[in-house]
Amino acid sequence: MAGGEQRGAPGGPERVALKKEIGLLSACAIIIGNIIGSGIFISPKGVLEHTGSVGLALIIWVLGGGVAALGSLCYAELGVTIPKSGGDYSYVTEIFGGLAGFLLLWSAVLIMYPTSLAVISLTFSNYVLQPVFPNCIPPYNASRILSMVCLLLLTWVNSSSVRWATRIQDIFTAGKLLALALIITVGFIQIFKGNYEELTPSKAFNFWMTPSVGHLALAFLQGSFAFSGWNFLNYVTEELVDPRRNLPRAIFISIPLVTFVYTFTNIAYFTAMSPQELLSSNAVAVTFGEKLLGYFSWVMPVSVALSTFGGINGYLFTSSRLCFSGAREGHLPSLLAMIHVKYCTPIPALLVCCLATLIIMLVGDTYTLINYVSFINYLCYGVTIIGLIVLRWKKPKIFRPIKVNLLIPIAYLAFWAFLLVFSLYSEPVVCGVGLIIIFTGVPVFFLGVYWRNKPKCVNRLIGKHCHCGSVHSSGPVLMVCRAQLPLSPHQCRDSSKPSHHWHAQPSDPHTKQARCCLWMEILPF
């Protein structure tokens, strides 16, 4: 039932589900908001550094958008064929089984999303603090503290209301597009004035170094970080209104728009800066504003801060749904499969995503983190799209509202293989550590998930804090945490009647274990 909780049969246990509140506009905002975050303000330096020329850097940006478009078409088919929240994880689990799905989930929870959130949060704080420290890099501690405050604030917002979270996404997506529109407009004015020397063919392809194939692969990794997020709408499919119609529409609108914006933003950068100036800049957009906007140069750090603020919100929103889906499938602690019966938000999953990001913020160089996350991202994308081909073979007659030409996933996988092989060749340590972290999930899977007949003492330890309540999700039983307070039945609320009290006595077979199930009621959300 759209817009509300899904209920069980009359007289049966109540069901609480994630609400279907995301329409086409919000769906486009989620994709655009997740893609356009910190990447367009960080990655131009990394792409240019590895390509050795302006012209080749621009080609990398266009190709990056094309590859994202190919991948998003494949994900559109998977998203309407397997209409579950959880994105890559749900598809890989459905097609390849539990171990493959768990390894993808393991890498996402440990590396991909906390690292991406950390990079975006740190970019937010650096651009906010840049006007305060105009002649130097903002202090390390100040940057970290501001990043953490921003992350905690948005975690609270996402915990309180899906509608608030999506409204923030809508507003800040519009804001970041306006900011980039300002950069592009100023760039066009520069071109009309004749200030495009760096973009002429003779200068654009004047290489100051000859890039190897490995350098090109690393340039794609840096650029792909700016495009990461194109698959995020698939994580919230269950909250999407009419996903069979709105999922592909949102993809077809968003990816070309982002590619256009990214390409022309980079063109605008080069109308104001030489390659050497861009490579020496700590904040590309700030340098751009200082050179062209004069007294209004403060607009650029503010605009970037707004852009990254929306990016943090989008990553929190979608990555928490991945944790929720993993817990619901039994691959993560059942605590993370809980949703608040009043707000219908996965608060435990949000808190875990927040905590993991806070830890990542304290370690790591930004560009090394980008290489880590981009390599693992592409590895997961490729495995998922291989799954599309496998599903075509295993279940050829399954209903597919969208069915892409088989050449599209094949073309994507050809690029994917090139990128992974040469990335491993160029950065064996970074990529090797990423692979090691992924495969550390194998023993965890067999001990925590595959091993069903655990000793009673282990099961008692797990069950001490979580047990089955009277609230059910649309799949397995939704786990709710046992509160430590001796709550009476009237202190728990009926999930379908937020302003009324619990309607059953503790002796009711559906609620005798639920004497204190709604733990979120004691938290100030």
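Just so it is clear, glycine is given a Cβ too, placed from its N, Cα and C backbone atoms.
Taken from TrEMBL as is:
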| type | residues | note |
| --- | --- | --- |
| TRANSMEM | 22-42 | transmembrane segment |
| TRANSMEM | 54-75 | transmembrane segment |
| TRANSMEM | 96-122 | transmembrane segment |
| TRANSMEM | 142-159 | transmembrane segment |
| TRANSMEM | 171-192 | transmembrane segment |
| TRANSMEM | 212-230 | transmembrane segment |
| TRANSMEM | 251-272 | transmembrane segment |
| TRANSMEM | 292-318 | transmembrane segment |
| TRANSMEM | 339-363 | transmembrane segment |
| TRANSMEM | 369-392 | transmembrane segment |
| TRANSMEM | 404-426 | transmembrane segment |
| TRANSMEM | 432-451 | transmembrane segment |
So which of 96-122, 171-192, 251-272, 292-318 is most in touch with the transmembrane segment (142-159), counting Cβ pairs under 8 Å?
292-318
How about the transmembrane segment (432-451) with the transmembrane segment (369-392) - do they touch, taking at least 3 C-beta pairs under 8 Å (6 or more apart in sequence) as contact?
yes
Report yes or no: does the transmembrane segment (404-426) come within contact of the transmembrane segment (212-230), defined as 3 or more CB pairs under 8 Å with a sequence separation of 6 or more?
yes
At a Cβ cut-off of 8 Å, and with pairs 6 or more apart in sequence only, do we get at least 3 pairs between the transmembrane segment (212-230) and the transmembrane segment (369-392), yes or no?
yes
Restricting to the same chain and to residues at least six past its boundaries, which positions have a Cβ under 8 Å from a Cβ of the transmembrane segment (22-42)?
68, 119-120, 123-124, 127, 166, 169-170, 172-174, 176-177, 180, 225-230, 232-233, 236, 239-241, 246-247, 249-251, 253-255, 257-258, 261-262, 265, 283-285, 304, 307-308, 310-315, 317-318, 366, 370
